[in-house]
Amino acid sequence: MSVSTSPVRVTVTGAAGNIAYSLLWRIAAGDVFGHDTPVSLRLLEIPVAATAAEGVAMELLDSAFPLVKEITVTDQATEAFDGANAAFLVGAKPRGKGMERADLLAENGKIFGPQGAAINDHAADDIRVLVVGNPANTNALIAANAAKDVPAERFHGMMRLDHNRALSQLAGKLGCDTTDIENMVVWGNHSASQFPDLSYVTVGGESIEGKYEQSWYTDEFIPRVAKRGAEIIEVRGKSSAASAASAAIDHMHDWVQGSRGWATGAVPSDGSYGIDEGLVCGVPTVWKDGGYEIVLGLELNDFQKQRLEATVKELRDERAAVAHLLG
Ligand code: NAD
Ligand code: LMR
């Protein structure tokens, strides 16, 4: 196939890490920007892992992807984000067994201010940033805050993995395909307080009311989805990587190419649903024309309001804990 357009510049941080080892290959294969859109890949690492990132670049080269026009490895954020159209901010420490993601805030939070500033000063005007490094919502807030000239709506946290987990758990319960499910949302923080909400879900266009027990919903489904990251760490011995990369691909794909109905996006709140304006919070979103819209006007019952308030409170607490990084 011949390739016509000029390359999309894509920056991936944490390029020598576990997630990047899946993510880069999917980007290179055209799964985000399209199978006829060439890409220029910028791999950012810290100096100690720069050689390993060179090895990743060598393997990418050896894969002979027709769409990959250039691969750059650097430990300089200014170079990595120069002219970037899309950035996956993956580089950050993962949690281990027994930790919560918020325990990473002190160490990881300080990565995202300088990277936000470098994006502000060097990225292309149409930059789209997806923060994967945990705690993703608050790290996205920090990065956005450091990029005063870039609209905050260009900085998202990754909650698509939670969304995909919710789809799979529900599909298993109802015996349907994940693609039959519509109007799923995971509200709030990418943490154990998140609220995977079945209130609006339809399967094959029909309500699923009465198709599951309330006890399954509150005692199995919600905690299973919310604590799936910890379950993966327990069973696999390491934090999720391929599924995280896949979710990152889904998020950026939909941002660029549009979504099939609702998808959960951790985006800056516009103040709707009682979520403090500016908090990067999981909400129902629809993606089209290269952007997104928050699904507005949904009725929330007392149970939903209570769950949403609990997870928003945690986001507020995280924001307060990094106030010194918000400038
Ligand atoms: P990893 O340890 O395998 O790789 C992280 C890489 O980031 C390392 O190579 C490290 O050298 C690099 N790095 C650290 N600081 C950096 C910086 N300032 N600039 C550039 N690179 C830097 O970890 P991983 O498994 O790839 O996970 C990465 C992050 O993603 C973790 O914080 C993890 O918790 C998070 N995560 C988020 C989700 C989500 O759904 N939001 C899902 C899975 C993992
Ligand atoms: C996940 O949800 O799998 C990631 O956020 C990794 C983790 O720490 O749980």
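Cβ coordinates are placed from backbone N, Cα and C, and glycine is handled just like the others.
Some features that TrEMBL has for this protein:
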DOMAIN    8-151  domain 'Lactate/malate dehydrogenase N-terminal'
BINDING   GLY14, ALA15, ALA16, GLY17, ASN18, ILE19, ALA20, ASN108, GLN115, VAL132, GLY133, ASN134  NAD(+) binding site
BINDING   ARG95, ARG101, ASN134, ARG165  substrate binding site
DOMAIN    160-322  domain 'Lactate/malate dehydrogenase C-terminal'
ACT_SITE  HIS190  active site, proton acceptor
COILED    298-325  coiled coil
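Feature map: annotations from TrEMBL on the structure.
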residue: GLY14; record: NAD(+) binding site; Cβ contacts under 8 Å, 6 or more apart: ALA20, LEU44, GLU45, LEU89, VAL90, GLY91, ALA92, GLY133
residue: ALA16; record: NAD(+) binding site; Cβ contacts under 8 Å, 6 or more apart: GLU45, ALA49, ALA50, ALA52, ALA53, GLY55, VAL56
residue: ASN18; record: NAD(+) binding site; Cβ contacts under 8 Å, 6 or more apart: PRO94, LYS238, SER239, ALA241
residue: ARG95; record: substrate binding site; Cβ contacts under 8 Å, 6 or more apart: ARG101, ASP103, LEU104, ASN134, ILE233, SER239
residue: GLN115; record: NAD(+) binding site; Cβ contacts under 8 Å, 6 or more apart: THR13, ALA77, PHE81, LEU89, ALA143, ALA146
residue: ARG165; record: substrate binding site; Cβ contacts under 8 Å, 6 or more apart: PRO196, VAL225, ARG228
residue: HIS190; record: active site, proton acceptor; Cβ contacts under 8 Å, 6 or more apart: ARG101, ASN134, PRO135, ALA136, ASN137, GLY157, MET158, MET159, LEU161, ASP162, ALA266, GLY282
Listed binding-site residues adjacent to ligand 2, that is, members of ALA20, ARG95, ARG101, GLN115, ASN134 whose C-beta is under 6 A away: ARG95, ARG101, ASN134
Assigned conformation of ALA20 (NAD(+) binding site) - DSSP reduced to three states: helix
Pairwise C-alpha maximum, in angstrom, for the residues (GLY14, ALA15, ALA16, GLY17, ASN18, ILE19, ALA20, ASN108, GLN115, VAL132, GLY133, ASN134) that bind NAD(+) according to the record: 20
